[in-house]
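Sequence annotations record features per position, and here TrEMBL assigns Zn(2+) binding site to His32, Cys35.
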Amino acid sequence: MLQYKHGASETTAALEFAVNSLQVPNVLVVGHSRCGGIQALMSMKSKKDDRSSRTFIRDWVSLGKSARLSTEAAAGNLSFESQCRHCEKESINSSLLNLLTYPWIEERVKEGNLNLHGGYYNFIDCTFEKWTLVYRPGLEGGSKYAIKNRSTWS
Ligand SMILES: [Zn+2]
């Protein structure tokens, strides 16, 4: 859940090298089923939980907050397991939106020289789902995004 202002510096360095120096045409953010991080994010009860956890986890969880909120809005009536599955995919989209907070990534996406893709590996039924984020200028975080070319390999 990298974000321009909060991302881990080594991850940002790798990303910057790939995008600016190697000029890769595609970035793929992959999530997976039964994710322990997402389960922790979805089962965190209160602000108190938030404070008592260690800093790295707290930072990660705070970046995941928007994924949890939109999951609760869209799937709040489903079982905990279904909500986690929803949030696993939602957090991928929120990571893709966070990538757009890097000015040099947004620039290349805007020019059509870089595509941002989401991927979801479900190791329970051995399928891989893939989709592409549609770039919309002026887009900010939250759930205002569109996706295209969703396909599932099994
Ligand atoms: Zn995970």
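Placement of Cβ uses the backbone N, Cα and C atoms for every residue, glycine included.
Close to Cys35 (Zn(2+) binding site) in the fold, though at least 6 residues off in sequence, lie Cys84, Glu88, each with a CB less than 8 Å from its CB. There are 16 other CB atoms within 10 A of the CB of His32 (Zn(2+) binding site), with all protein chains counted.
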